[in-house]
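Straight from Swiss-Prot, the features:
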- 24-44: transmembrane segment (TRANSMEM)
- 86-106: transmembrane segment (TRANSMEM)
- 131-151: transmembrane segment (TRANSMEM)
- 205-225: transmembrane segment (TRANSMEM)
- 226-246: transmembrane segment (TRANSMEM)
Amino acid sequence: METVQSAHEYIEHHLTFLTAGDGWFGINLDSMIMVWLTGLVFILSFRYAVTKGTKGVPGRFQCLIEIIFEFVDDIVKEIFQAKDKLIGPLALTIFVWVLLMNAVDLLPIDLIPALTSAVGVEHFRDLPSADINITMSMALGVFILVLGYTFKNKGVKGFIKELTTQPFSHPLLYPVNLVLELVTLISKPISLGLRLFGNMYAGEMIFILIALMPWWMQWALSVPWALFHILIVVLQAFIFMVLTVVYLGMAVEEH
């Protein structure tokens with residue numbers, strides 16, 4: 001019974017946020033701190049690559065940055081057909097930022113909580129992409145961008161026409177079209193945020209459960225899972241970035 005209780009307390013400790021405020025007005029400070037830290041790492045690393053880059057033979061870090069840049073640029077050019085100066089930098093920012101947030105999950109599960117406990121902070125969840133508030137906020141930001149691009153390129157009348165005249169062309173079915181299209185429109189940011197949250201939360205839980213096992217089982221299970229989780233970390237950042245570009249491409253696409 002004592003073992004079960006201690007396991008329960010361990011899991012509860014790792015799943016409790018450092019929160020300021022209550023209810024709807026509460027803010028998960030740990031998630032916000034990690035979001036800003038990973039964002040700072042992104043900015044400083046790319047700034048370093050640009051300012052310290054050599055015109056001759058580039059270093060390893062510069063090569064890595066160039067590979068990421070070209071990778072994202074090729075995807076954007078393939079998906080987003082219109083000309084827009086914002087989409088490329090936006091896609092690069094989303095991919096690298098989400099990748100860095102996800103990569104925090106590859107750190108030892110007790111490392112950052114132990115460091116924060118040493119300075120008197122009892123609870124600190126270090127994986128921001130396992131916080132549904134963070135993932136849904138990012139998805140909401142994408143949704144607002146999609147609406148902005150839609151109104152900019154199609155206008156209010158074009159947007160309403162798009163919602164009411166497809167998939168059925170008969171005027172009597174316009175109300176049905178409106179309901180179907182609104183459901184589709186709203187489901188995009190919801191699925192975008194929940195997909196990232198669900199995958200990263202599940203990965204975090206598996207690491208926590210592995211940490212509860214005997215030390216010899218931890219090594220046998222944590223290394224294979226960490227190697228597999230690298231794929232999940234990269235894949236989820238890639239999916240979030242690609243879907244963002246796809247949705248923005250649909251917003252400027254003429255039907």
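Every residue gets a Cβ built from N, Cα and C, even glycine.
Here the transmembrane segment (131-151) has Cβ contacts under 8 Å with residues 17, 28, 31, 35, 90, 94, 98, 101, 125, 158-159, 162, 188-190, 192-194, 196-197, 200-201, 240, 244, 247-248, 250-252 of the same chain, all six or more residues outside its ends.
Non-local neighbours of the transmembrane segment (205-225) in the same chain are 7, 10-11, 14-15, 105, 109-110; each lies 6+ residues outside the stretch with a CB under 8 Å from one of its CB atoms.
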